[in-house]
Amino acid sequence: MEIPPQEAPPGPGADADADAEAEEAPAEAGSSSGASPPTDGRLKAAAKRVTFPSDEDIVSGAVEPKDPWRHAQNVTVDEVISAYRQACQKLNCRQIPKLLRQLQEFTDLEQRINCLDLKGEKLDYKTCEALEEVFKRLQFKVVDLEQTNLDEDGASALFDMIEYYESATHLNISFNKHIGTRGWQAAAHMMRKTSCLQYLDARNTPLLDHSAPFVARALRIRSSLAVLHLENASLSGRPLMLLATALKMNMNLQELYLADNKLNGLQDSAQLGNLLKFNCSLQILDLRNNHVLDSGLAYICEGLKEQRKGLVTLVLWNNQLTHTGMAFLGMALPHTQSLETLNLGHNPIGNEGVRNLKNGLISNRSVLRLGLASTKLTCEGAVAVAEFIAESPRLLRLDLRENEIKTGGLMALSLALKVNHSLLRLDLDREPKKEPVKSFIETQKALLAEIQNGCKRNFVLVREREEKQQLQPSASMPEITITAPQPLEESGDLPAMGAQNGTPGPGPGPDSDSDSDSDREEQEEEEEDQSDQQRDEGGTDQSSSAPCPALLPSTDSLGPGDKSPPGSPSSPTEQRISVSSPGRGHKVFVVTRVESPPERPEPPVPPTSVSSPPPSPPSPPASPPSQTMDTQDPESSEAQPQTEPSQAGQPLPNGLKPEFALALAPEAPPGLEAKGSSCSLEHALHRSHGVSKLEELLLEASQEAPRDTL
């Protein structure tokens, strides 16, 4: 028997020898072309290479995501109905007559339609699949799926459609007891992904232990829901713990309705108390018809103390609360500043409970509505309530129905209403309570009528107060007063000083430009010239060439180069608008009539000295100027100055040819200064009686015209 030769183990230098052999191997392979691979089967290290494609070759193609609204563009009612019927035929399911009737009534398909009502219709999986043809084309504000007998498959299909097409902002899935875990999982996905969903009504739809984690996760991470109804959803225990823990981090939910869930006074109430400690965005918490008890109310009151700005409405109707729980609530009320509605109806509070609550209500100052219906109150408790009414300046409504409040309690309430001026509604039983003395029944009726009258009186006072507040201008709004136009004097003259500073009297005001006598004489001369011109023209051109109204600020608010000359003509029909604003002083605006706003105001031009006979006494104009300043249209006022060139072909009232008027100042802007000088020239020309005088005036006018038109 031959023994195979044994190889000696590699020595310390074996690794170095192996490396040397590996380096020599490529040289040997290059020398012998037909060399076989090495006997040990090892691959060469230099033969391993990795290559990557270029950037252009990495992406072979791209697919755009499907547009969910590709079917909803320019859709018609007939198209929607036809698509729905074809889907029903394809799926071999019945058509819903109620849906077809609603589709035929829809008119505006561009906007969200008010409501899609499928309440009471039995919806199986195939029927829900056919509804996709409607949801892919139309959007709704409310989708009502109440009591539609949804199963897991149908519910998950519908919720996926509503999430994908954003079909509703308000969704009602109440009274569907068989949607199961997959249905709630799809509903949670819809709540998390749909940004438009704001209202979810899941009353009488059980949310059990294995379904609650999905909903809790959706509410904790991201949800746009503002209103959540979970009445009679079997939340007691672990579902409520998961829900309350998730809502601690939710800042969007504002209304939470948890009625009829058999919530107990220990674990469940402790979770609600912790929720109120951390969540300050919740505004309405409805806990009616549960078993909170006094022990649970203690936990809730601990959370209420932290609600300085948050909870607005707390409903504790029918929770077996007694006077012991009212002591906890009375200590918590002074700490909350946001609670406005507190409903404690149908709890055996009794007179002692109202006394425990009274001091807290008086110290609270935020409660506006208080419900104490059917709380075992008698006249003694009504007296305590009356003390609170007398001390409350904000209480709006109080419910005391279904209590044994007789004559004594009604008298206390009536006296409190004489002091209170805020209570608008006090609910009491209409029928008087039985009394041993028959006359007391009539007294109760009289007291009830007196209480009603007191509430009506407060209502009238509140309305009057609101109207006064609306009429009072705010501090940031300027007060605008319009002064009536001054009556015309017999001479038809109005001082130009009053026209500029808005003062009714002829004396100089604090904002007048000049107090010198020469200015007054110039103003009187200008006014006489204007009245003479009106007499010559006979008022025939006043209506046709009436200038547009303008608001001219007072001269004290203008710059040194913007002041108009003191001799500018003033209209007797002007209106003065006085504007005062806090911190901005007092300004006066004068409503007058001008041809058009001047392009560049000029300094006052002294009137040319023209020798003319003394003017005749002014006569009143043929027709007084009509006050059309408030009724003129801006378009008509802009079109009026354009009618003046059409009058160039008519003879002028002073007997001059129209060509002379055009040659006198062809490029003159219609400013106030040019008007004043032209009026004085026309007056002088009209009063001259000789040809020589007329020639002198024409010569002077031709010399003065270029200077006036600068």
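Backbone N, Cα and C atoms are what each Cβ position is placed from, and that goes for glycine too.
Taken verbatim from Swiss-Prot:
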COMPBIAS  27-38  compositional bias 'Low complexity'
COMPBIAS  543-565  compositional bias 'Low complexity'
COMPBIAS  637-649  compositional bias 'Polar residues'
COMPBIAS  656-676  compositional bias 'Low complexity'
MOD_RES   SER54  phosphoserine
MOD_RES   SER60  phosphoserine
MOD_RES   SER581  phosphoserine
REGION    1-46  region 'Disordered'
REGION    487-677  region 'Disordered'
REPEAT    224-244  repeat 'LRR 1'
REPEAT    252-273  repeat 'LRR 2'
REPEAT    281-301  repeat 'LRR 3'
REPEAT    310-330  repeat 'LRR 4'
REPEAT    338-358  repeat 'LRR 5'
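The stretch with the most CB contacts under 8 Å to the repeat 'LRR 2' (252-273), chosen from 224-244, 281-301, 310-330, is 281-301. You'll find the Cα of SER54 (phosphoserine) roughly 11 Å from the Cα of SER60 (phosphoserine). Within 10 Å of the Cβ of SER54 (phosphoserine) there are 6 other Cβ atoms, across all protein chains. Here the repeat 'LRR 3' (281-301) has long-range neighbours at 247, 250-266, 268-270, 272-273, 275, 310-322, 324-325, 328-329, 331-332, 343, meaning same-chain residues at least 6 beyond its ends whose C-beta is under 8 angstroms from one of its own.
Residues 259, 276, 279-294, 296-298, 301, 304, 336, 338-350, 352-354, 356-361, 371 of the same chain lie 6 or more positions beyond the ends of the repeat 'LRR 4' (310-330) yet place their CB under 8 Å from a CB of it.
Its own atom aside, the Cβ of SER60 (phosphoserine) has 5 Cβ atoms within 10 angstroms in the protein chains shown. Residues of the repeat 'LRR 3' (281-301) grouped by DSSP class, helix first, strand second and coil last, total 9 helix, 3 strand, 9 coil. Look at SER54 (phosphoserine): DSSP puts it in coil.
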